[in-house]
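**Student:** In case it's useful when we look at the structure, here is the feature table from TrEMBL:
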{"type": "REPEAT", "residues": "20-54", "note": "repeat 'PPR'"}
{"type": "REPEAT", "residues": "82-116", "note": "repeat 'PPR'"}
{"type": "REPEAT", "residues": "144-174", "note": "repeat 'PPR'"}
{"type": "REPEAT", "residues": "175-205", "note": "repeat 'PPR'"}
{"type": "REPEAT", "residues": "206-240", "note": "repeat 'PPR'"}
{"type": "REPEAT", "residues": "268-302", "note": "repeat 'PPR'"}
{"type": "REPEAT", "residues": "400-434", "note": "repeat 'PPR'"}
{"type": "DOMAIN", "residues": "615-707", "note": "domain 'DYW'"}
Amino acid sequence: MRNGCCDSALHVFNSMPRRSSVSYNAMISGYLLNGQLDPARQVFDQMPQRDLVSWNVMISGYVRNKSLSAARNLFEMMPKRDVVSWNTMLSGYAQNGYADAARRIFDRMLEKNEISWNGLLAAYVQNGRIEEACMLFESKANWEVVSWNSLMGGFVKQKRLGDAKWIFDRMPVRDEVSWNTMITGYAQNNYLAEAQRLFEEAPVKDVFTWTAMVSGYVQNGKVDEARMIFDAMPEKNTVSWNAMIAGYVQTKRMDMARELFEAMTCKNVASWNTMITGYAQSGEITHARNLFDRMPQHDCISWAAIIAGYAQSGYSEDSLRLFIEMKRYGERLNRSPFTSVLSTCANLASLELGKQLHGQLVKVGFEAGCFVGNALLVMYCKCGSVEEAYHAFEEIVDKDVISWNTMIAGYARHGFGKDALMLFESMKTVGIKPDDITMVGILSACSHTGLVEKGTEYFYSMNRDYGVIPNSKHYTCMVDLLGRAGRLDEAQNLMKNMPFEPDAATWGALLGACRLYGKTELAEKAAEVIFEMEPENAGMYVLLSNLYAASGRWGDVSKMRLKMRDRGVKKVTGYSWLEVQNKVHTFSVGDTLHPEKDRIYAYLEELEFKLKQDGFVYSTKLVLHDVGEEEKEHMLRYHSEKLAVAYGILSIPAGRPIRVMKNLRVCEDCHNAIKHISKIVGRLIILRDNNRFHHFSGGSCSCGDYW
């Protein structure tokens, strides 16, 4: 039985010419040792005569396997009980968090020993019922040192260090655990001077005492002090090494972490995981992958760390490949890899893969929690499926403020401002207090849908009603809101009266409004400020160039190009992509690399004829080159958005939305063209740019041409 050979044990048992209660008890305890409750109970029921040991062994087995109701039923059937029987039930309830049930057992006991008292005390302490633990403690004298330590540990866990020290000072006898508990409590709660004093007073210091000090200094950011103690340790264990390595990782000193890691002779999986996480979070994904490949054995944390590392470093496809590889290895999935891969799906706008992941989450029961549920929300919102995002939002059992904020921001980015405001009211009704991020989402919703008065009302009342002091993001939203509405004077006045200097984002919002309304002089002022703050912000150079081009100021457009060249600023290449049959197709302007380019261009020529019949006119004023109208039309004809939309129409079955993503803001000409295309082909086209979503249908856009 001790070697897990249950069938062989049963064969020997059945071969015995004569059996005693010892034989039966050996079989029962053996089955229980191997987690086989039903066979154990069958042997117990077959016993011709059960002794007290048989009953206690069976009850203990049920308790160990957390079958408390079965244990209780058997306990009540016992013809006779001893203190072991009572203590077994008491400990079972205590260890599983049923302090009241443990107390009822305790009160029924005619005979109690130290195990009984300690069991009930531990039940109260472990469940945070420290006052009841104190009352029990005061009702009896002559407690063992383990009981003093238990009560003191309860106070430390609740950060009541004054009470813990009072217990420590009253103790008639202290052991290493007593000193270590108090030192750890001080160290972990930033009372390092007190921890150091006790450390120096401790009559005996074991490896746990030293490690408590190392961990305390590390947790409080004092890594060099931690290293001095670490180096002085007469004996180190795996926990000591890992604590010191984690300190270097947390402070981004990866060279020092690597030096210790390589010197460590007792590495465990946590050591490898700490290093992989450190390299991944520092953007050194190659080093992280090298360590991952060298690991003797991976666990779910190892996979989660490397998958998250690739996702955060922008290697989305590598992240997805690793996730698939992890599943192939049959590694047990936890929430972290799912969250990382959902984030990758969101960045790639890979809706189909995201849906597949959602299905797997449902199977393993993870989708109802906030941690994964919020990642699902982000994925659906960023993939352009706000309806499915709302369904996922509804499925989250205990929504936190992040859940509400994510859904509000999703509605805002999709241009569904009224839905965002309705959700905001629901959020307040259920008692979730709005925070600064909530208010950014609400002001953005008002900005994207032109709700100027409503947005202004929220802005000036958010400190009074919700205790949210406006920060730079809130002011940027307000400047954007007023600017889009053409109220540029009010936007400037707001910037003048800000309690801090406007940042580049706020000036950028003003510059964007100037482009919409042709306010060249004010735009130049805003641009100059931005160029000083962020000289490499290519988007602002392009915005001002667009304004010059629209005004026919080609000399200024040329000067802007020269300024960008002299400052080493490179215009970000625009590209668009969409997912077709689980594969992402990417296009740039005038793309000639796509394998179906001939088919796409032929369809665009066919579509252009229908567009002009429908009244579409190219917005040639947007071309930043002083060339003829025909040449300008040619330059606009093959923008990446148009190529992606055309391929979507050709490849995605009728009745399904076409979802296109763009890394930059959609240009006015493409926006206008896609409106007409949605009417001509009778398709819903959803376009995500770097600012918001546009839902094109029947010749109009959800933004109302207000973006």
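Just so you know, glycine gets a Cβ as well, placed from its N, Cα and C.
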**Student:** From the DSSP assignment alone, can you count helix, strand and coil residues within the repeat 'PPR' (268-302)?
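**Tutor:** Tallying H, G and I as helix, E and B as strand, the rest coil: 26 helix, 0 strand, 9 coil.
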**Student:** Below 8 angstroms Cβ to Cβ, which residues of this chain, lying six or more residues outside the repeat 'PPR' (20-54), approach it?
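**Tutor:** Sequence-distant neighbours of the repeat 'PPR' (20-54): 1-2, 4, 6, 9-10, 13, 60-62, 64-65, 67, 70, 80, 82, 85.
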**Student:** Is it possible to list how many residues within the repeat 'PPR' (144-174) are helical, extended or coil according to DSSP?
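**Tutor:** Summed by class, the stretch gives 23 helix, 0 strand, 8 coil.
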